[in-house]
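Enquirer: Not my notes, these are from TrEMBL:
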DOMAIN    A:60-107  domain 'NADH-Ubiquinone oxidoreductase (complex I) chain 5 N-terminal'
DOMAIN    A:123-408  domain 'NADH:quinone oxidoreductase/Mrp antiporter transmembrane'
DOMAIN    A:617-681  domain 'MrpA C-terminal/MbhD'
DOMAIN    A:692-771  domain 'MrpA C-terminal/MbhE'
TRANSMEM  A:6-21  transmembrane segment
TRANSMEM  A:67-94  transmembrane segment
TRANSMEM  A:106-122  transmembrane segment
TRANSMEM  A:267-287  transmembrane segment
TRANSMEM  A:355-379  transmembrane segment
TRANSMEM  A:507-527  transmembrane segment
TRANSMEM  A:575-597  transmembrane segment
TRANSMEM  A:609-627  transmembrane segment
TRANSMEM  A:634-652  transmembrane segment
TRANSMEM  A:658-679  transmembrane segment
TRANSMEM  A:691-711  transmembrane segment
TRANSMEM  A:752-770  transmembrane segment
Amino acid sequence: MLLAVLLPFIIAIIIPFLSKWKDKIHPGYFVTIIPALIFIYFARFLGSNFEPVMREYSWIPSLDINMVFYLDGLSLLFVLLISGIGALVAFYSIFYLHKSEQLGHFYVYFLLFMGSMLGVVLSDNVFVLYSFWEFTSLSSFLLIGFWNYKKESRYGALKSMLITVFGGLSLLGALVFMTVLTNTTSIQEMISQQQLILNSEYFPLILALLLLGAFTKSAQFPFHIWLPDAMEAPTPVSAYLHSATMVKAGIYLVARYSPMLSSSDWFFIIVSSVGIITLCWGSYMAVRQTDLKGILAFSTISQLGMIMSMLGFGTKVAVFAAVFHILNHATFKGSLFMVAGIVDHEAGTRDIRKLGGLMTYLPITATLALFGTFSMAGVPLPFLNGFYSKELFFDASLHLDEIANVGVVGFIKMLLPYLAVFGSIFTFVYSVYFFFGTFRGKSHLEELPKKPHEAPIGMLISPIILILGVILIGLFPKWINEPFIAHAASAVKGLEVQKEIYFWHGFLYPPLIMSITVLVFGTVLYLSRKQWAPVYRIIPGVLSMNKFYDGLVDRLETYSSTVTKGYMNGSLGRYVRLVLAAILIVTFAFMAITGGFTVDTSNLADVSLPEIFVAITMVIAAVGTILTNNRITAILILGVVGYGLSMLFVLYRAPDLALTQLIIETVTVALFLLVFYHLPKLRKKEEAASTRMLNLIISVGFGAMMTMIAISAHSSKWFESISSYFIDNTYKLGGGDNMVNVILVDFRGLDTLFEIVVLGIAAMAIYGLIRLPGKKEEK
Amino acid sequence: MTRTNDIILRTTTTLIAFILLGFSIYLFFAGHNKPGGGFIGGLMTSAAFVLMYMAYGFRSLQKILPINFRFVIPVGLIIAVATGIGSFIFGEPFLSQTFAYFQLPVLGKTELATALLFDLGVYLTVIGVTMTIILTIANDRGEER
């Protein structure tokens, strides 16, 4: 099983080498074989006596992160969808993508995506799941931006990336929470310990984070906005990612965790209402679109909302219908995207206002579209699988027996059937609109960039297979029910679910009445759509989540650049102020909180007259340095401070220091004079009074702080000084009388070694700055 | 550039420079037992050189001391590091110093310490650094500008 998951990744390494010969043979042929093989491998598991399989491969055992693959009914459904539709899409793309495209890139991304999607649905380890989850975001980003020379592609790719990664990170949060609570990284073990999570005080947070991850990935309201923009991708990508696989990853996640979470009322409230809102909003907005893929994008959003709301219901019927509809939606939506791709390819445009009357030119495509759209609309015909799941959906919305009848829950429960019918009416309208707008009516051939003709047979094979699936599932639902759907539904529900699928329940069967209502109202609305179309100007009108998203991204950029420019204005004076003020505030706060300021006068030495004299001289010189306007004066006065310091060293009996200080001070003053010979005259900078006040406060505060630290440090001596060791051993061990020198060259020779290294580096740097030829500055 | 006739400065310099050099060498050798050491000794030696430079100019200084002071820095550093590494030969940790007393022909009983070698490294480095910095900046007439 590991090989089955890793095979796409391995082949993805090889593909670039194959694409060298793309002029002779299209690399798509090789790529088609891979998902077909995976499909065959997993199809062997089908059968009514299917039992879950678990395989474990070590990855990071010390962190309990291992490649654990768990294949139950739900995983099997998804694996077969991913590999089956993957093979069809790969085959379709051979005829869709011309050899002049960067085919190597395309198939590498495609295979990476397929492999990571397989990983998502098979992983039992939450962190492996998360890794594959992010990998799908990444590879879909690459696929959406495949035509990276188009601005819209880049915009769409970035948007989907930002939204899905936002969700992915919150999913990681939820997974970490659950791992910590249950002390396991296995999903199945988490589900078996569900009480721990349900009763935890973090449960609302876990639920919110988990659902945020699922909703963003599955394009639920209000995170649906990335999906219509992702339509800039090549059509095979849209067919694969945005109808069958990636957008269902969120559905998979909710389904996977629903045995654990569905007993909570909040799960029902959030998932059902978000799902049903997405259903209504998606189908309502789809009617407004003029681009074929735009219609399909909003249709996908709405269908995903429908599946999501059924998962939210959590009853046996609902779960069964949800799983069934996952399969149905993948078949007809995949084929419809391919149809849209064919129309685009053969007529040169996807704008439905320019299209029309293509039935005579593209008869096979039109037939396929007819089955696809009518199945999507849920027209009650016995060979359309969409009708079955739609009827089960109505049935489920009417029979929420397991749900309590009180409060918010009761209110939502009461509204659900009406909203379901409302959403389905619009589903009907856009489905019919898609078909009739493209293939019936007057044709405007002169407006089309190309003269339309039927697609090559290779391009038609994949949608034909999918539509055959639609019809076969419609005609013989039992074939796939028992060995397949029932297992998947049982895995989601956590109990045995056996639901029979019938076409005919009798005339008084309420869901049938709802279906007929949809049919009637849908027809009326479709025929009168010119009359009520202005309603879109009121709802959504100017309101749009896209505007919100664009504004948010825009504002994040402008605000952060405003903030950065606000404090990073390039003025060194300001940076010094900021650094000093930060040190000042932190140190004062720390001292105030810990009571660190102590004064202890018991250990002070007497002050002698020469010391007072030197100190006063130094203070006067220091103040003079600040007040002078002349650079040379400032340096000379600063020299007074330096010589005063060496006087203090003399007074405190440090001859070595005094000598060094004396010479160094002389050298420094001389150097300053040499350097400033070149500098322009010191100008008094005109600064605002408030800045000068601030400078004064900061510098006085900093001085006060350092004084306080010095006093406190002197007042709290906690240990004996180690100097007695040096006094005792300087002669014995070092062989010298000069303790300072012995410490410098013997006891602490390493410090000295690196100090002279520092000196050497400084000299070299000065030499380099002045002598080595640099770039001549332009005047 | 024409120079004024500063004969007094030059005459005194010839005298003072030798006193300074002598004093700096005293400081260097006395360091272990009296105030002084490689650092101060090095600074004092460079002070003597700087005095010579100020009195006679760069060309004369180069003629008297045909040394590129930039290469004095690595020599000093190598000596300092080598004394540190030398202690490995005797199986001691890096930079272990030792000392012993010897009977030398002229000086009599003398203490010789390995620390003096280390101090020599410091001494040479300091001379190299000071002279490099001062001569580099002083000779910068801003040709590039």
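Cβ atoms here come from the backbone N, Cα and C positions, even for glycine.
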Enquirer: Determine the mean pLDDT over the domain 'MrpA C-terminal/MbhD' (A:617-681), rounding to the nearest whole number.
Expert: 84
Enquirer: May I ask for the residues of the chain that lie six or more residues beyond the transmembrane segment (A:106-122) and have a Cβ under 8 Å from a Cβ within it?
Expert: 1, 4-9, 11-12, 15-16, 19, 27-28, 31, 34-35, 38, 69-71, 74-75, 78-79, 82-83, 86, 90, 93, 97, 128-129, 131-133, 135-136, 138-140, 142-143, 146, 234, 237, 240-241, 245-246, 249, 252
Enquirer: Taking helix as H, G and I and strand as E and B in DSSP, count the residues of the domain 'MrpA C-terminal/MbhD' (A:617-681) in helix, strand and coil.
Expert: 54 helix, 0 strand, 11 coil
Enquirer: Checking distant contacts: for the transmembrane segment (A:67-94), what same-chain residues at least six beyond its ends satisfy Cβ-Cβ under 8 A?
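Expert: Residues packing against the transmembrane segment (A:67-94) from afar: 1-2, 5, 26, 28-29, 31-32, 34-36, 38-39, 42-43, 45-46, 50, 52-59, 106-107, 110, 114, 117-118, 121-125, 128, 186-188, 234, 236, 239-240, 244-245, 248, 252, 255-256, 323, 326-327, 330, 334, 338, 341, 458-459, 461-463, 465-466, 484-492.
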Enquirer: List, by number or range, the same-chain residues at least 6 past the transmembrane segment (A:507-527) whose CB is under 8 A from its CB atoms?
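Expert: Cβ under 8 Å, 6 or more out: 377-380, 387, 390-392, 394-395, 398, 417, 420-421, 424-429, 432-433, 436.
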